[in-house]
Amino acid sequence: MVSLLLSRGANINAFDKKDRRAIHWAAYMGHIEVVKLLVAHGAEVTCKDKKSYTPLHAAASSGMISVVKYLLDLGVDMNEPNAYGNTPLHVACYNGQDVVVNELIDCGANVNQMNEKGFTPLHFAAASTHGALCLELLVCNGADVNMKSKDGKTPLHMTAIHGRFSRSQTIIQNGAEIDCEDKNGNTPLHIAARYGHELLINTLITSGADTAKRGIHGMFPLHLAALSGFSDCCRKLLSSGFDIDTPDDFGRTCLHAAAAGGNLECLNLLLNTGADFNKKDRFGRTPLHYAAANCNYQCLFALVGSGASVNDLDERGCTPLHYAAASDTDGKCLEYLLRNDANPGIRDKQGYNAVHYSAAYGHRLCLELIASETPLDVLMETSGTDMLNDSDNRAPISPLHLAAYHGHHQALEVLVQSLLDLDVRNNNGRTPLDLAAFKGHVECVDVLINQGASILVKDYVVKRTPIHAAATNGHSECLRLLIGNAEPQNAVDIQDGNGQTPLMLSVLNGHTDCVYSLLNKGANVDAKDKWGRTALHRGAVTGHEECVEALLQHGAKSLLRDCRGRTPIHLSAACGHIGVLGALLQSATSVDAVPAIADNHGYTSLHWACYNGHDSCVELLLEQEVFQKMEGNSFSPLHCAVINDNEGAAEMLIDTLGAGIVNSTDSKGRTPLHAAAFTDHVECLQLLLSHNAQVNVVDSSGKTPLMMAAENGQTNTVEVLVSSAKADLTLQDSSKNTALHLACSKGHETSALLILEKIMDRNLINATNAALQTPLHVAARNGLTVVVQELLGKGASVLAVDENGYTPALACAPNKDVADCLALILATMMPVSSSSTLPSLTFNAINHYTNTSKTVTFDSLPIMRSDHSSYCSFNNIGREDGYPYTEEDELNDSDSETY
């Protein structure tokens, strides 16, 4: 059949989903003739599947010796590893193929080659089910019996794990180290004890294994045997002579381990051998604590019967009863401890007693058993339900809180029968009902309401009720229960400390089901918080469209203003929620035409959308007739767009409103070109220039866009304006500073050099400002070496004097006194001639000593902040002129609420 398929053109190297080819399968099945036929037709004998198994691996794994021999004769690499680092010898040993192992060894396979985990073929032979003969062959052919894997295990460890008794003897006889340790410090004896291999333990002990050697956490083999519940192993280890009360690193004896493991036979064996049942570990726990914590009833029964103290406290102040209350679902251990005088009123160091632990873990039966011994209200009198009263050892929360928070309604049913104060508060003033509503535990909410818990109690921190808690987290079932049982009926609109209603919180967190539940119960859709914001304001900010739709269906007004004059339309535009914005605009237009409502600083929703770069919102707003002309603050939407580099929004504004808007001015006479120059947004700058923006327009302080860019070191903008836009370099501001003066005054060397490159007029080089300073004065004063050099090269006067009588050289002095001293020194150094003007200049400077030196100040354009993705940043557009608040404004701002 194979020949027929090959003759019909079958692809000899075709592979299945695991990349196994025909030769892999033929080798695995032992079809030697097929393998030969495939090889004769060009099949690759070294091909690999997805896990890098070769045909030799396949044949070795299934013990097909004839195929193995044939492949070896073809010269394939017998030590080729697969993806796990296993060679064919590893695979053969793992599968117990001793004939293949013998052949591979005879052909020179490496008997000590490690795989990815550091295991050799001997490790596999020691562990595998049928690897006894393989192990004999390896040992006889030089395999290292003490080689360790990456986790420190030797072949002897592997025999201990899997209980290979006879193989362990072989390894030991061939020189294996008896007490070798793995990375956890465990010897083969520890491992054998852990897995309960009694015969192997006997062999190891007979061969001299140390029964008192410490392993993981300082435990002895007896610890591990007792913990795992192997009584025969315990008996064997005890017979070798061992101090049973020797502790591990945590102070735990073998009796602690037996109590935790739960094997009664091991426990009794240790007790009968004289183990101390009251010995405490490092945490102060006795074996009884461990038996109780693990619900090992028989061990607990034996320990109590032996005289173990039932009320011993550990380091946390817990008794065995505390641990039984936390872990005992059927109550047997707890009941036995109670019958033997365990005190349920003892509190741990945090103030919790057994009732708290049972409540926290929801063990109804334990609570009933405790209540049958001592009424719960009596027990709680000592630990208290009034959380406001001080006590040296008072629990921070009640059992009711614990059961409610964790949703244990059955435990809660027991507690509410005895603990009458259902409105007990924790340190934050939250009641059990509040916690149950917050976590969404409907059954617990139902239990508490039916028992009369107050629905309208407010916490101490934000003054929220359980209704707020359920609404915040979207627990609609809890919310319906609370609203349905709340009195008076207007409880649905109850406000927290910030004036927020449950409806506002539901919308804020996008819980549509809760929103509908509240609206159906008559919630006031236009209620305002202390900042004047409604639920719709919150929906506009968060962008929860379904919540907004629900509010609008119930008549929510989209044009209500908050304390800053902002409507939901403003906020949705500012946040870029196009779906919400569309719904709000549609709702507004259904009543009347949308007015271009401006906030308290004159900004419309179009300003906000442009400022934050939400192009889709800008496009939608521009479709409204009211935004077809500039409205609101003179710091226009175009100013807002370009100052934040929102070129798309700027282009839409120009296309819709016309190119005339590029020269609009704000209250300080600044055009959009000023704004783009101030922030160095070249793309926006070029857009404005392409629509005939006036490059030499001046603001109220006489500054051109070039001056604005030069003063702020915006080199890209400077380059465009001086090179492409041909800005006028001779213009001066109100202080008679040119763009060159301004660039030098702020130390912006690159900007100054770009401007200097275009100046050829010596008069402009020596132009003076109101303080009679030339650019050379200013550049020298600011240490701009390259600029000074260029100025001098272009003919800048070194003898020009400013209003203080200082030359550029004297202007370099840090203060007047230094300048005058320098002048005197220079006068002495220079030769006197009739033509020299230096002495007169010097004395002129001294004569001006009493004159007050004037300083040039430049009113820079503050940057509008761009972090407006959240509600808390909406005041960042700031003043009516479009520039930000000062620090004082922020401190005086009463609206600091953030959601």
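Every residue gets a Cβ built from N, Cα and C, even glycine.
Per TrEMBL, the feature repeat 'ANK' maps to 84-116, 117-150, 184-216, 217-249, 395-427, 428-460, 462-494, 531-563, 564-596, 601-623, 668-700, 701-734 (among others).
Helix, strand and coil content of the repeat 'ANK' (601-623), in residues and according to DSSP, is 15 helix, 0 strand, 8 coil. Confidence annotation: the repeat 'ANK' (668-700) carries a mean pLDDT of 97 in the model. Note on the repeat 'ANK' (531-563): DSSP counts are 17 helix, 0 strand, 16 coil. Counting residues per DSSP class in helix, strand and coil order gives 18 helix, 0 strand, 15 coil for the repeat 'ANK' (395-427).
Taking Cβ pairs closer than 8 Å, the repeat 'ANK' (668-700) reaches residues 636, 638-639, 641-647, 650-651, 654, 659, 661-662, 706, 708-709, 712, 714-717, 720-721, 724-728, 731, 733, 860-861, 863, 881-882 in its own chain, all 6 or more past its ends.
Long-range contacts of the repeat 'ANK' (84-116) within the same chain: residues 51, 54, 56-57, 59-65, 68-69, 72, 78, 122, 124-125, 127-135, 137-138, 141-144, 147, 149, each at least 6 residues beyond the stretch ends and with a Cβ under 8 Å from a Cβ of the stretch. Distant neighbours of the repeat 'ANK' (428-460): 398, 400-401, 403-409, 412-413, 416, 422, 466-467, 469-470, 472-475, 477-479, 481-482, 485-486, 491, 494, 496-497; these residues of the same chain sit at least 6 beyond its ends, with a Cβ under 8 Å from one of its Cβ atoms.
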